[in-house]
């Protein structure tokens, strides 16, 4: 009897042990959670290690990383909720290629610069005065593509070889406290160093950027619900819509540019559409814009661009409607033009201008198709 009880007890304990086996699963779960930890990468191997480990880290800190020549710091496809922090100085090896130097994508992503951090493109190695129009092949800097409900903040970019931020396919993306400093390019052949190029995005909010460059401070080529506020733009070509037309997406709808200063630039406010193309520009507002030291045009709106240059002949395929200019004021050089409007017949309508005062330059005798509510 005792022997039978003993055997029964052993069998019972064994069955209990088997039934208890699933209790080990929470331990595995805990292990999986800890794999999404904070990771720090640095030095010449930092880029490769970060790329390899990017989906295993909840926080990716890049400390004085040296990105090899011809390599993208590829942080695309990050897990939702990942934070990327740049510390110290991030540098990039030299090679003639198209780039980008950095690329980030994902949902609920935060990209931020620590205090004193800098992404230094050392663009003078590529600058030849030609930008993307010839000469050396130059890498674009930062692709912010396919970012959803994300933010990029307190990033300082120094001396980009060519265009800086390419924002494409973004939804609800905020960029705040961004500095784009390519001032050295003024005297060293910097060209086409656009700060922010926006395309095919819905909900882009760029606040308080400080920009010194040699091309557009902002260029919205397509997209909806784009807000550009509190910008300080120096040098370059002004704050632009377009050129619109000739791409797969040719709709600009709902752009607000507000409380910005533009100084020592070729242009102030600029809207340009492509000759012979189709598309739409509507719901654009420029409000509380201050211009100073503008060399060519204080306000320039034209529907005649072809191959990057004006033709003098506007076409109506990309109408410009519901355009508001409110308190846009400032000065243009005596050799420049205060306001220039070149619209095809009936292609510009429903414009509202108030408090617009551009002085110092010449009055254009070539304006055409000026809609009611505007003056040239």
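For all residues, glycine too, the Cβ spot is worked out from N, Cα and C.
As the structure is a computational prediction, the values presented were derived from the model and not from experiment.
Here Swiss-Prot flags 215 as active site, proton donor. Residues or ranges marked as active site in Swiss-Prot: 237. The disulfide bond annotation in Swiss-Prot covers 39-57, 217-233, 343-348, 367-376. Here Swiss-Prot flags 170-208 as repeat 'PbH1 1', drawing on sequence analysis. Residues annotated as repeat 'PbH1 2' in Swiss-Prot: 223-243. Taken from Swiss-Prot, the feature repeat 'PbH1 3' applies to 252-273. The feature repeat 'PbH1 4' is assigned by Swiss-Prot to 281-303. Residues annotated as signal peptide in Swiss-Prot: 1-20.
A map of Swiss-Prot features onto the structure.
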residue : record                    : contacts (Cβ under 8 Å, 6+ apart)
39      : disulfide bond            : 50, 53, 56, 57, 59, 60, 61
215     : active site, proton donor : 131, 163, 191, 192, 193, 194, 195, 236, 237
217     : disulfide bond            : 195, 196, 209, 211, 231, 233, 236, 237, 238, 239, 240, 262, 265
343     : disulfide bond            : 301, 302, 303, 314, 320, 368, 369, 370, 371
348     : disulfide bond            : 301, 303, 319, 320, 321, 323, 341, 369, 370, 371, 374
367     : disulfide bond            : 339, 340, 341, 342, 376
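Here the disulfide-bonded residues are 57, 233, 376, and the one whose Cβ sees the fewest other Cβ atoms within 10 Å is 376. Most Cβ pairs under 8 Å with the repeat 'PbH1 4' (281-303) belong to 252-273, among the candidate stretches 170-208, 223-243, 252-273.
If you look at the repeat 'PbH1 3' (252-273), the same-chain residues 6 or more away from its ends with a CB under 8 A from one of its CBs are 216-218, 220-245, 279-305, 310, 317-318, 320, 323, 325, 328, 330, 332, 358. Secondary structure from DSSP puts residue 215 (active site, proton donor) in coil. Taken residue by residue with DSSP, residue 376 (disulfide bond) is part of neither helix nor strand, so it is coil. A sphere of 10 angstroms centred on the C-beta of the residue listed as 'active site' encloses 24 other C-beta atoms. In the three-state DSSP classification, residue 57 (disulfide bond) falls within a strand.
A coil conformation is recorded for the residue listed as 'active site' in the three-state DSSP classification, outside any helix or strand. With helix defined as DSSP H, G or I and strand as E or B, the repeat 'PbH1 3' (252-273) counts 0 helix, 19 strand, 3 coil.
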